[in-house]
Structure formats: structure tokens, C-alpha cells
Amino acid sequence: MIPLKMLLLVTLLLGASLQVTHAARGTNVGRECCLEYFKGAIPISRLTRWYKTSGECPKDAIVFVTVQGKSICSDPKDKRVKKAVRYLQRTWKGGPQES
């Protein structure tokens, strides 16, 4: 019976340490990360700016900000996303706009 108690204790401690590690990593990650990409049509005429998510984020993403201040997470490899970025670069004469 002692090995079962020891196994339970080790499992409990391991689970608790993983939760602490996960929370700490989340704190150090940038202000905003995208967990999934928007799959609909990108309203190009309603976009005001764009930026790339932090390299520390689990997924590379381009974030578009609309005139209403809403953020749209997008796949940087998607041709519609590339088209929207080119549009904003021509409109604003530059690269990613800082938030």
C-alpha cells in the first residue's frame, strides 16, 4: 500500500508543478497571442492597421485591427491575408503599424 500512496503523492506534486509552470509561461508571453485563425472574408476596407504576434506565441499570426477596434487573427500564409497586408502597406506607406 505504501507504493500506491507514494505514486499518488508524486502524481499530485507533478500536476501542481505543471500548473505553476504553465501559468508562469503565460505571464511572460506577449500581450496578445492568437490561438486560432479567422476563417471568413477579411473586410479590407474596414482595416486600419496590422501587426505580427510575438515570436513567443505558439502560432505565427497577423492581427488586423478594424475601424471599430476589433482584432482579427489571420494566417500569415493565407493569400487573402497577404493581399490585405499589401493594401495596408500601400495605404499607410509602410510596414506593420505599432499599437
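Using the three backbone atoms N, Cα and C, a Cβ is placed for every residue, glycine included.
Noted from Swiss-Prot: Cys73 is disulfide-bonded to Cys34, selected from Cys34, Cys57. Neighbour counts of Cβ atoms within 10 Å were compared across the disulfide-bonded residues Cys33, Cys34; the minimum falls on Cys33.
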